[in-house]
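S.K.: Just dropping this structure here.
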Amino acid sequence: KPQLVASNDRFCRFLEEYCPVVTETYYPTIWCWEGRVQTLLRPFITSRPQVQYRNELIKTADGGQISLDWFDNNDSLYYPDASTRPTVLLLPGLTGTSKESYILHMIHQSETLGYRCVVFNNRGIAGEDLLTPRTYCAANTEDLEAVIHYVHSLNPSAPFMAAGVSMGGMLLLNYLGKTGRDTPLMAAAIFSAGWNVFESVESLEKPLNWLLFNYYLTTCLQSSISRHRRMLEKLFDMDLVMKARTVREFDKQFTSVMFGYRTIDDYYEDASPCRKLKSVGIPVLCLNSVDDVFSPGHAIPVETAKQNANVALVLTSCGGHIGFLEGIWPRKCTYMDRVFKQFVQAMFEHGNKIFSM
């Protein structure tokens, strides 16, 4: 059974009644239960539901642009009125976009419930041009704030939630820690977030993890900015950035410099959501596996979570990073998908009961 960590008894009872998956035994796929194997295989094993997006580019205050991919769900039987149709904002991982299988599955789950989804693609990563020499990072929440207020302004009467995966979860937590209750979001779901960036990069620099994940992730980061080289080389030594062989080296030469941090340690401290968890002011459910090499179990802030009545952690012993595969042939629904579906439905349809239970 997963470990459910929540100091608020009412939040616990709410989850047990309306999101019972968090109390059920999670049985990982027996032939790939180990965390690294789950992490590696999930993108290849899980299906990719067909989703038709409507793309929208919105301008930012500094002259940049952000690509949003909408799934309007105009055929929704449960919520035919678009102005009050519940909306879920989805935040992919470090180099992820609206095309990731885990995002497509979240949209598929939302579609069956009648909800609308919008995917926040980080700057320059979804095929759009960079209009300024700026991309994104886990600590800077300005673009996310702009997107949240823009989406809310379109349908202010629609219930509004967000779900973030991996770095998207870190970004969302950092935003929530900064804004407290002052947000249009009624709740949030977080999956496989890296809680302490120092611990995450140290784990990823162990020899086997570097071979399996770190080097590949670094090349993905380099690939994501190489298309914008002409714009970025105005400010950066791109030859040096392209020589990075670890995520830490990339962040030292590029990310921390771009966002004005004096040292990479200053950036990593600011980017670590564990430092802002006490300030989260809306109900948040966070799912992590303790065998996730991207977010090692010992770095999950269990004691800090117990100090905030708005926070619930769900910790599984297996599942890896955005893995959570289950069943003999885990093509379709994962444990993570089921947690997402039940929690989003619980909040949209019964969220007002949290404070009365």
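Placed from the backbone N, Cα and C atoms, the Cβ positions cover glycine too.
Quick paste of what TrEMBL says about this protein:
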type	residues	note
ACT_SITE	SER166	active site, charge relay system
ACT_SITE	ASP292	active site, charge relay system
ACT_SITE	HIS321	active site, charge relay system
DOMAIN	86-327	domain 'AB hydrolase-1'
S.K.: On the 0 to 100 pLDDT scale, where does the domain 'AB hydrolase-1' (86-327) sit on average?
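M.R.: For the domain 'AB hydrolase-1' (86-327), the model's average pLDDT rounds to 97.
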S.K.: Pop the Cα-Cα gap between ASP292 (active site, charge relay system) and HIS321 (active site, charge relay system) into the table, whole Å please.
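M.R.: That comes out at 5 Å between the alpha carbons.
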S.K.: I'd like the Cβ neighbour count for SER166 (active site, charge relay system), meaning other Cβ atoms within 10 Å of its Cβ, all protein chains included.
M.R.: 26
S.K.: If you measure ASP292 (active site, charge relay system) to SER166 (active site, charge relay system) at Cα, how many Å is it?
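M.R.: Counting only the Cα atoms, the answer is 11 Å.
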